[in-house]
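K.L.:
So that we are looking at the same thing, I have put the structure below in structure tokens.
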């Protein structure tokens, strides 16, 4: 029976698309905003400002910019070009080098782990968002849930004072009863917890004593997690056609909120003190002599741009073949970095005011990660007039920053399924997308138990670390040294046009030497400085650390497994088999025949499938 092309195209493809089988972005803005939303995430708000403050203020921008140019941008450009050239996802694109197809599998598995816990963080933001709809913020004071250690102010325990010409050391009650004054720099404070910290631990998380004590599922966090997955599923039900429209709001509105928070923060007393701690009255250039500063800069750039997660390849695979992926890569990378700097001003201006109101140095209210997002900054916002409004805006911003990163992560998984089972995705895209979200929701329930925060921290500590670095190192080595860097440049020129040798000089230096060396250095440094995971002062049990190692091993074990499977299925002696697996497959090249030209005129149609049949091959059959 004869079918028209329109009946064969994917559910998220339209008649105006260049690629009727896979579909394309409706327009370039959809793609760029999706890429910006993917790259700009929670780390830009809760990690970069803290690293800048910690590593010499404004001086930190020097290694940060250098690492962007040497490590971040070259990998980003490579992945965008790779996905766009082949119009394939992170696993199928390794037709370029079958021996390394396990690298793509590793990327997808790590993205799956990250999707599980990242949506839990979005659930936290949703919970705080709903909690902000109250006249008085529930973490603004020590209410009924607080214990005796809760206090809005620091309580003096003891200090030195002068009595009858002699310096004495006494508790504060004795000092006050005798009308004495504490000597500066001798004051010791009682160990107290601020209301926002106790609210986070006792109410929001209902946190247990450690990973050993799982406790119950926190029902309201489970409902928030379900809602976050429903939002993701709704945004992706038509793939890039629907998510490409949603990101107009989720990617752009956080900038509006950041601007509002910055303007409000800049008008507060003490804001200047906070900003001076961020950038520094006088940047500490001597910090650049410390290796740790350069390592922090490289690591932040690497994780902030989301390279080696598979998402950049997946999103770029829906571009039209002659799209200028070079200018896109530069635009997204620069936007991502400028957002980080901009967010720092908004965060530190409000933290400076908090320090001023609570009469503490800024260094005591500054934090990163969960403590910044759910303890320090909410505490600062609770001290502002009309605090529920500012709290709502902040957590709404966190929600949006998390969601558009999550959209791209799930799109990575569905793109992988589409490349393996194209016929099935044409007929069942919506049920499959829904099924993926439901499955990941149930897998994430462990993260909304009373020990949930320990699991979130454990997955982040292991899966979002070395696995990505290993994948990135093998990716650049495989493409540049085995497939051929110059050959890959010729592929890019088929898309963006011929460029001069001077144009490629920088990229060759980075791809062939600088970027691989930097990535290996970061990987080795991370291994050498490894420490067992902790959450605050809570140590993980030995079995918890073992589970973390099992997760990372499960992520990277597919690299040698797939390589062995490929070699076993090849023909000839062992050397011939390895050489064969280091060559592109017969169907490697541009997806559409009209783009192949003379260089790829021999390519077998990548989608030679039996018409209208859903493949029933196993995973290992796919790796042939």
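From the backbone N, Cα and C atoms, a Cβ is placed for every residue, glycine too.
Bear in mind that TrEMBL entries carry predicted annotations, made automatically and left uncurated.
The shown structure was predicted, so the numbers you read here are calculated from the model rather than taken from an experiment.
TrEMBL feature annotations, pasted as is:
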- 37, 39, 40, 304, 336, 401, 404, 405: Na(+) 1 binding site (BINDING)
- 44: Na(+) 2 binding site (BINDING)
- 142-150: disulfide bond (DISULFID)
- 31-48: transmembrane segment (TRANSMEM)
- 60-78: transmembrane segment (TRANSMEM)
- 99-130: transmembrane segment (TRANSMEM)
- 217-237: transmembrane segment (TRANSMEM)
- 246-263: transmembrane segment (TRANSMEM)
- 297-318: transmembrane segment (TRANSMEM)
- 330-356: transmembrane segment (TRANSMEM)
- 389-410: transmembrane segment (TRANSMEM)
- 430-453: transmembrane segment (TRANSMEM)
- 465-484: transmembrane segment (TRANSMEM)
- 505-528: transmembrane segment (TRANSMEM)
- 540-565: transmembrane segment (TRANSMEM)
K.L.:
Let me spell it out: take the transmembrane segment (60-78), skip the flanking residues so only those 6+ beyond its ends count, and list any with a Cβ under 8 Å from a Cβ in it.
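P.N.:
Here the qualifying positions are 51-52, 287-288, 293-294, 296-298, 300-302, 304-305, 307-308, 312, 325-326, 329-330, 332-333, 337, 341, 472, 475-476, 479, 488, 507, 510-511, 514-515, 518-519.
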K.L.:
In Å, rounded, how far does the Cα of residue 404 (Na(+) 1 binding site) sit from the Cα of residue 142 (disulfide bond)?
P.N.:
35
K.L.:
Nearest by CA distance to residue 336 (Na(+) 1 binding site): which of the recorded positions is it, out of 44, 142, 150?
P.N.:
44
K.L.:
Report, as a single number, how many Cβ atoms besides its own are within 10 Å of the Cβ of residue 142 (disulfide bond).
P.N.:
19
K.L.:
Suppose I define contact as three or more CB-CB distances under 8 A, residues 6 or more apart in sequence; do the transmembrane segment (99-130) and the transmembrane segment (430-453) meet it?
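P.N.:
In contact, yes.
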K.L.:
Cβ within 8 Å of the Na(+) 1 site centroid (37, 39, 40, 304, 336, 401, 404, 405 excluded): which residues?
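P.N.:
Residues close to the Na(+) 1 site, other than 37, 39, 40, 304, 336, 401, 404, 405: 36, 38, 41, 44, 251, 306, 339.
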K.L.:
Can you tell which of the recorded positions 44, 142, 150 lies nearest to residue 405 (Na(+) 1 binding site) in space, using Cα positions?
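P.N.:
Looking at Cα distances from residue 405 (Na(+) 1 binding site), the smallest one goes to 44.
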K.L.:
Whole-number Å only: compute the distance from the Cα of residue 37 (Na(+) 1 binding site) to the Cα of residue 142 (disulfide bond).
P.N.:
37
K.L.:
Using Cβ atoms and a strict cutoff of less than 8 Å, what residues sit near the transmembrane segment (330-356) while being 6 or more residues removed from its termini?
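P.N.:
For the transmembrane segment (330-356), the far contacts come to 32, 35-36, 39-40, 44-45, 48-49, 52-53, 61, 64-65, 68, 72-73, 76-77, 255, 258-259, 261-262, 264-266, 268-279, 301, 304-305, 362, 364-366, 372, 376-377, 379-381, 383-384.
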K.L.:
Out of 142, 150, 401, point to the one nearest the residue listed as 'Na(+) 2 binding site' in space (Cα versus Cα); all of them are recorded positions in the record.
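P.N.:
Closest by Cα distance to the residue listed as 'Na(+) 2 binding site' among the recorded positions 142, 150, 401: 401.
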K.L.:
Go through 31-48, 297-318, 430-453 and flag the stretch with the largest number of C-beta pairs under 8 Å relative to the transmembrane segment (389-410).
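P.N.:
By Cβ pairs under 8 Å, 31-48 leads among 31-48, 297-318, 430-453.
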K.L.:
With the transmembrane segment (465-484) as the reference, find which of 31-48, 297-318, 430-453, 505-528 contributes the most Cβ pairs under 8 Å.
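P.N.:
So the stretch in question is 505-528.
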K.L.:
Long-range neighbours only, meaning 6 or more apart in sequence with Cβ under 8 Å: which ones does residue 40 (Na(+) 1 binding site) have?
P.N.:
251, 254, 335, 336, 339, 401, 404, 405
K.L.:
Based on Cβ atoms within 10 Å, give me the single least packed residue among the recorded positions 39, 150, 401.
P.N.:
150
